[in-house]
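Novice: Please see the structure below; I have some questions.
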Amino acid sequence: MGKLVENGPKSMVIGILALQGAFVEHQVMLQKLAPSLHVEISVNLVRSIQDLQACDALVIPGGESTTIALLAKHSGLLDPLRDFIKTKPVWGSCAGAILMSRSVTNAKQGGQDLLGGLSVTTVRNGWGSQIESFEAPLVVTSLSQPDRPFQGVFIRAPAVLSIDLAPEDPPLRVIARLPVDLLPNTQSVIQENQGLADHFNPQTVVAFRQGNHLFTSFHPELTKDDRFHDYFVQECVIPSLITNPSSNMLK
Ligand SMILES: NC(=O)CC[C@H](N)C(=O)O
């Protein structure tokens, strides 16, 4: 799967924010994938500012976004994470994707600290509660073996309510959509745009790329399919290390 990138990095450190949620599953998947890539990958769990400083890229896993934000606040990680996102590749999956949104609706009482980085407004639990969780095959042509659908696992997933691109924001490229007929009809919060065709409906967007960041509202780490992890390393992390050869590339 891995392609040899000329003048590419020899090694990299990918951190996984390990305060709550599915961080072990991301770690296992990245560690399994590493030997097939032509680069040495250390996968580090991140729980402190020092852990974060050692990383070239970060995965913020699914779990519970309010809890992750609270724990990040208590660990003094909120601002360091915000700074990290400004310069390095970060992948937010599910709760992680909520945290990387510019704004969020349906937050828990008391509000929700966000990390930002992505030009979207999301709604927490966009498809409803745990029992409305579902799986759906996604057509993702940016992945290797594009003809093979990727099984999206949506667990109390956020939905994209709107894409709010400011002129100075990096372009946003949609990677995967759900067909309109799979959009929820139970949640009044996201019914408004349902008349729109897939292509124009932000609520159909379930994965996108913005700059070197990746957003997935579902959980690739809970499948056996490592193509999103491969995509993150090859398309987001390696290019960022080539244009911005930081410490770890020269190790
Ligand atoms: N699977 C998930 O990550 C669920 C996210 C959860 N609904 C939240 O608000 O954080």
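Keep in mind that glycine also has a Cβ here, set from the backbone N, Cα and C atoms.
Keep in mind that TrEMBL annotations are predicted by a computer and have not been checked by a curator.
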Novice: From the candidates Arg102, Arg124, Arg209, Arg227, give the one listed by TrEMBL for the same L-glutamine site as Gly63, Glu64, Ser65, Ile155, Arg156.
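Specialist: When TrEMBL describes the L-glutamine site, the candidate it includes is Arg124.
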Novice: Counting only residues 6+ away in sequence within the same chain, which have a CB under 8 Å from the CB of Cys94 (active site, nucleophile)?
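Specialist: Correct list: Pro61, Gly62, Gly63, Ile155, Arg156, Ala157, Pro158, Thr216, Ser217, Phe218, His219.
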Novice: In whole Å, note down how far the CA of Glu221 (active site, charge relay system) lies from the CA of Glu64 (L-glutamine binding site).
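Specialist: Roughly 16 Å, rounded to the nearest whole number.
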Novice: Can you name the residues of this chain that are 6 or more positions from Ser65 (L-glutamine binding site) yet have a C-beta less than 8 Å from its C-beta?
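Specialist: The list for Ser65 (L-glutamine binding site) reads Ala95, Gly96, Ile98, Leu99, Val104, Gln112, Arg124, given in order along the sequence.
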Novice: Look up Glu221 (active site, charge relay system) in the DSSP assignment and report helix, strand or coil.
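Specialist: SS state of Glu221 (active site, charge relay system) = helix.
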